[in-house]
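Some notes on the structure that comes next.
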Amino acid sequence: LTGVLDDCLCDIESIDDFNTFKIFPKIQKLQERDYFRYYKVNLKRPCPFWADDGHCSIKDCHVEPCPESKIPVGIKAGSSNKYSKAANNSKELEDCEQASKLGAVNSTLSNQSKEAFIDWARYDDSQDHFCELDDERSPDAQYVDLLLNPERYTGYKGPSAWRVWNSIYEENCFKPRSVYRPLNPLAPSRGGDDGESFYTWLEGLCLEKRVFYKLISGLHASINLHLCANYLLEETWGKPRWGPNVKEFTHRFDPIETKGEGPRRLKNLYFLYLIELRALSKVAPYFERSVVDLYTGNGHEDAESKALLLDIFRDTKSFHMHFDEKSMFAGDKKGAKSLKEEFRLHFKNISRIMDCVGCDKCRLWGKLQTQGLGTALKILFSEKEIQSLPENSPSKGFQLTRQEIVALVNAFGRLSTSIRELQNFKVLLQQTR
C-alpha cells in the first residue's frame, strides 16, 4: 500500500512516518490519563430500527462498568458540558448564578416549564451535532474504564453483525440499491461483478458524498484491523492469549482474497485519519484558552494532561499535507447548506444504528468511534465559531462536552493504532512468505 490518496494531496508513506514517530507514542500516553480513560455510555438503549436480536452471550462481549468510587471526583461532579475547574468548583456559585438568572421569575415557573427550557437549550445545542448523544442523566448511563475494556475480537459476527453494516452502507451512504457494493456477504452473488460498477458510480458522485462513503469505509476498515490485531489466538486452562492473526488479516484485506477491495478499504482508513487529524489541528484554539482545564480534581495530573494534549495539537499543525475541507460544501450557498444538512442527518442516523449492535463491547467502541468522528465533523464545520471564541469566558457559539472530547481523542487514538498495527502486519506477512 503506497502512493497518493484520492481526493487529497497526501501520500501514505508520509502518514506512516508522521504517525509512527510523532503521534502514536503521545496519543497512547494521553489515552491512559484519567480524563480520557473514563467514558460515560448507555449500552441499554433500544435499537430504533428493528426488533432486538438479543444480546451476545459470548463472555468477551461483556463490558465491566466502573464502580462510582473509582471515578475521579472532578469527572463525577461536572455536568456534561463543564470541563473547567471553575465550572466544577462550588455548588454555591452555581446556585448563586441560577438565582440571579431566574430570581425575578423563578416563583412563576413550574418544574415542568424549567424542564422544557432545559430541553429547548439542549435542542439548540444539538443542531450542530453529527451524532445522537446519550443522555448522561439516564440511570442506564454508566462510566466505563476504556483501559479495562479494550477493543478486540469478541466472536460477535454473522447475520446480526452484518445487518448493522448493511444498514449503514445500503441506507445511509447515498447509494441507490441498484448499485452493487462489492463483497457484501449478505447480498446474493452477482456472478462476474467484482464491484467495479460500484466504483464507477462512486467516482461520479460529488466530493461530499464520496467523502462520506470513504469515512464510513475507513471506520469499518479500522475496526476490522483492531479485531485482527487483538485476536483470541488460544485459551488454555482459562488463560487467553491475544495477538495478531495474520490469517484473519489476509482474509479481510488481501488483494487476491478480496478481489482488490482490501487495499481500497485501507486507503479509506488513511483518508479517515487525515480528516480527524485535520479536526485536531482546527480545534486547538478551543483548548489553548486558559479557561479550559481537563478537570478531574487532581491539579498536577490535569496540568500534565493539558500540556500533553497541546503538544499533540502542535504536532498536528506541523503536518504539511492536510486535507482541505474548504473544498467541501463550496457550491452555491443554498445547495451547499442543504447538502451539509443531509450529510449531518445521514451521519446522525449511523450513530443511532450503533444502538443495534448486539455485543456490548462492540457497541461501546462503535458508539465511541462514531461519536469521535461526529465530533471531528462538527469541528471542521465550525471554524469561524472556534476562531472567534472569547479567551476568558465560557464558549458561545461552539462548545464541546467532556464526552465529545473523550470520544474525539480516543477515536483518533484508535486510528493511530490501526495505522501502527498495519506496519506490524506488513512485517509479519514478510516473515511468513
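The backbone N, Cα and C atoms fix where each Cβ goes, glycine too.
Here the structure is a predicted model, which means the values were calculated and not measured.
Looking at the candidates CYS356, CYS362, TrEMBL gives CYS362 as the cysteine bonded to CYS359 by a disulfide.
For SER217 (FAD binding site), the same-chain residues 6+ apart in sequence whose C-beta sits under 8 angstroms from its C-beta are ARG264, ARG265, ASN268.
Distance between Cα atoms for TRP165 (FAD binding site) and CYS362 (disulfide bond): 13 Å, as a whole number. Taking only the Cα positions, the spacing between HIS220 (FAD binding site) and CYS61 (disulfide bond) is 18 angstrom. By the criterion of other Cβ atoms within 10 Å of the residue's own Cβ, the least surrounded of the disulfide-bonded residues CYS61, CYS359, CYS362 is CYS61.
Comparing Cα positions, CYS359 (disulfide bond) lies closest to THR154 out of the binding-site residues ARG152, THR154, ARG252. In this record, FAD is bound by ARG152, THR154, TRP165, SER217, HIS220, ARG252; the longest C-alpha to C-alpha distance in that set is 21 Å.
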